[in-house]
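Participant: Here it is, the structure in full.
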Amino acid sequence: MSLQMVTVNNNIALIQPGFSLMNFDGQVFFFGQKGWPKRSCPTGVFHFDVKHNHLKLKPAVFSKDSCYLPPLRYPATCTFKGSLESEKYQYIIHGGKTPNNELSDKIYVMSVVCKNNKKVTFRCTEKDLVGDVPEARYGHSIDVVYSRGKNMGVLFGGRAYIPSAQRITEKWNSVADCLPHIFLVDFEFGCSTSYILPELQDGLSFHVSIARNDTIYILGGHSLANNIRPANLYRIKVDLPLGSPAVNCTVLPGGISVSSAILTQTNNDEFVIVGGYQLENQKRMVCNIVSFEDNKIEIREMETPDWTPDIKHSKIWFGSNMGNGTVFLGIPGDNKQAVSETFYFYMLKCAEDDVNEDQKAFTNSQTSTEDPGDSTPFEDSEEFCFSAEATSFDGDDEFDTYNEDDEEDESETGYWITCCPTCDVDINTWVPFYSTELNKPAMIYCSHGDGHWVHAQCMDLAESTLIHLSEGSNKYYCNDHVEIARALQTPKRVLPLKKPPLKSLHKKGSGKILTPAKKSFLRRLFD
């Protein structure tokens with residue numbers, strides 16, 4: 001095993017805990033950045049170009065018929081082949097968190113439609129499910145099993161927000177373990193069926209899963225309800241006859257206590273488990289080899305790499321499997337230095353470079369550190385687009401490199417702004433203030449000048465007032481500008497009273513002729 005530090009040449013801020021890496025024929029692609037894609041990031045998926053320990057992120061290209069793919073963090077991902085003999089494969093993406101901390105219940109299929117020496121064009125399609133549809137979640141696993149010439153997706157574990165009826169201000173963003181159900185998903189017909197197995201009593205998240213033909217092995221994981229990392233080892237076997245599928249579970253000895261570990265495959269029958277946690281904020285520095293022989297699984301410790309002092313002393317770490325027996329790791333930067341990177345990154349090679357990539361299609365795990373709970377919300381960008389041709393970004397390498405300077409100033413747009421000098425809304429610790437809020441603070445538009453957004457909570461607006469203003473088209477002025485707005489207002493113009501001509505008085509009368517005395521009286525009255 002060899003450990004090497006990696007220098008990120010551009011946009012290091014995009015790489016945050018919860019990302020995923022996808023390996024297509026030896027080319028690695030990054031997915032799941034913290035913010036929404038912008039103009040210079042047209043797809044949200046980047047080519048993970050590592051040369052001589054220097055990493056460069058280049059935006060990938062999607063076909064015209066691709067669906068929208070949000071930059072999900074902590075999703076479940078796996079590879080999918082039409083059959084065991086098939087050479088072409090796709091990536092399945094399910095669940096995960098959006099940058100607004102919303103959870104997804106959708107399934108996306110990523111495939112390569114065009115490839116040349118410089119560009120890869122992807123197609124992303126969304127699969128609609130019917131039947132027992134799994135609820136939106138993150139930190140779970142999805143794998144594909146093959147039996148009797150058929151295939152089926154197996155989904156298990158994860159976390160989800162507590163039901164709406166139980167969500168109060170103090171527990172609005174609280175999550176709970178998903179029920180320990182096994183979901184079988186037919187990707188061809190979009191059918192999903194849940195199974196309750198007596199051996200699976202507790203919900204688990206951030207576990208490790210390994211698919212081998214018709215069998216799934218589930219190792220470790222974290223039970224949020226009990227706050228434990230049990231040394232579990234489950235074998236879930238799926239039989240796919242012509243009739244209904246048969247699913248059974250066996251509890252095996254020899255499991256390990258670990259969560260958020262990263263799994264990489266080194267050869268056809270051998271895997272390596274790297275990283276993870278054994279206790280809260282206590283990293284698991286031991287690596288394990290998982291080997292298979294005659295359908296028997298064996299887990300044993302292996303010689304650990306020469307961890308650097310920075311890695312040893314950091315409280316958290318995260319990463320993902322790059323394929324080819326290589327793991328990409330990240331740790332927080334040193335805040336003591338005047339100029340410090342947010343994260344430092346390393347590549348851990350667990351196998352030789354000549355590993356057969358065709359053997360890497362069945363390695364899956366929740367390859368991220370457990371949710372730190374500090375995801376910064378970002379707004380969806382209207383700049384999201386797809387390119388019709390793979391050559392649309394061809395040209396100089398500098399042109400297609402994601403440029404952070406091209407981004408709009410996020411401090412001036414969106415609901416994470418500082419709306420007034422006394423604004424105290426912190427997006428990292430924000431909880432709903434109004435009953436109508438869910439994923440972000442309520443805001444209201446001040447009409448002064450060119451207009452600007454302010455937080456309704458900072459303006460001390462009653463909820464009834466906020467609802468009233470949001471339903472109408474009334475102008476509103478924030479606390480800082482309400483006096484200015486009043487000073488700009490002028491009294492309404494009063495039209496002068498018109499004096500009716502004497503001729504009209506005769507017309508409007510009773511038809512009688514006015515005497516000279518009455519005419520004199522009326523003149524004095526209207527003058």
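Quick reminder: no glycine exception, Cβ is built from N, Cα and C everywhere.
A TrEMBL annotation is a machine prediction, not a hand-curated record.
Straight from TrEMBL, here's the annotation block:
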BINDING   Cys419, Cys423, His455, Cys458  Zn(2+) 1 binding site
BINDING   Cys446, His452, Cys478, His481  Zn(2+) 2 binding site
COMPBIAS  361-370  compositional bias 'Polar residues'
COMPBIAS  371-380  compositional bias 'Acidic residues'
DOMAIN    414-491  domain 'Recombination activating protein 2 PHD'
REGION    359-380  region 'Disordered'
Participant: Quick check on the binding-site residues His452, His455, His481: which one has the highest count of other Cβ atoms within 10 Å of its Cβ?
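Facilitator: That would be His455, with the highest Cβ count within 10 Å.
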Participant: For Cys419 (Zn(2+) 1 binding site) and His452 (Zn(2+) 2 binding site), what Cα-Cα distance in Å is obtained after rounding to a whole number?
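Facilitator: Answer for this pair: 8 Å between alpha carbons.
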Participant: Would you list the other residues of this chain near Zn(2+) 2 - those whose C-beta lies within 8 angstroms of the C-beta centroid of Cys446, His452, Cys478, His481 - in sequence order?
Facilitator: Tyr445, Ser447, His448, Gly451, Val454, Tyr476, Tyr477, Asp480
Participant: Can you work out the mean pLDDT of the predicted model over the domain 'Recombination activating protein 2 PHD' (414-491)?
Facilitator: 75
Participant: Using Cβ atoms only, which residues of the same chain lie under 8 Å from Cys458 (Zn(2+) 1 binding site) while being at least 6 residues apart in sequence?
Facilitator: Cys419, Cys420, Thr422, Cys423, Asp424, Val425
Participant: Within 10 Å of the Cβ of Cys423 (Zn(2+) 1 binding site), how many other Cβ atoms can you find? Include all protein chains, please.
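Facilitator: Cβ-Cβ neighbours of Cys423 (Zn(2+) 1 binding site) within 10 Å number 15.
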Participant: Pop the Cα-Cα gap between His455 (Zn(2+) 1 binding site) and Cys446 (Zn(2+) 2 binding site) into the table, whole Å please.
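Facilitator: Checking the Cα atoms of Cys446 (Zn(2+) 2 binding site) and His455 (Zn(2+) 1 binding site) gives a distance of 10 Å.
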Participant: What number of additional C-beta atoms lies within 10 angstroms of the C-beta atom of Cys446 (Zn(2+) 2 binding site)?
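Facilitator: Result for Cys446 (Zn(2+) 2 binding site): 22 other Cβ atoms within 10 Å.
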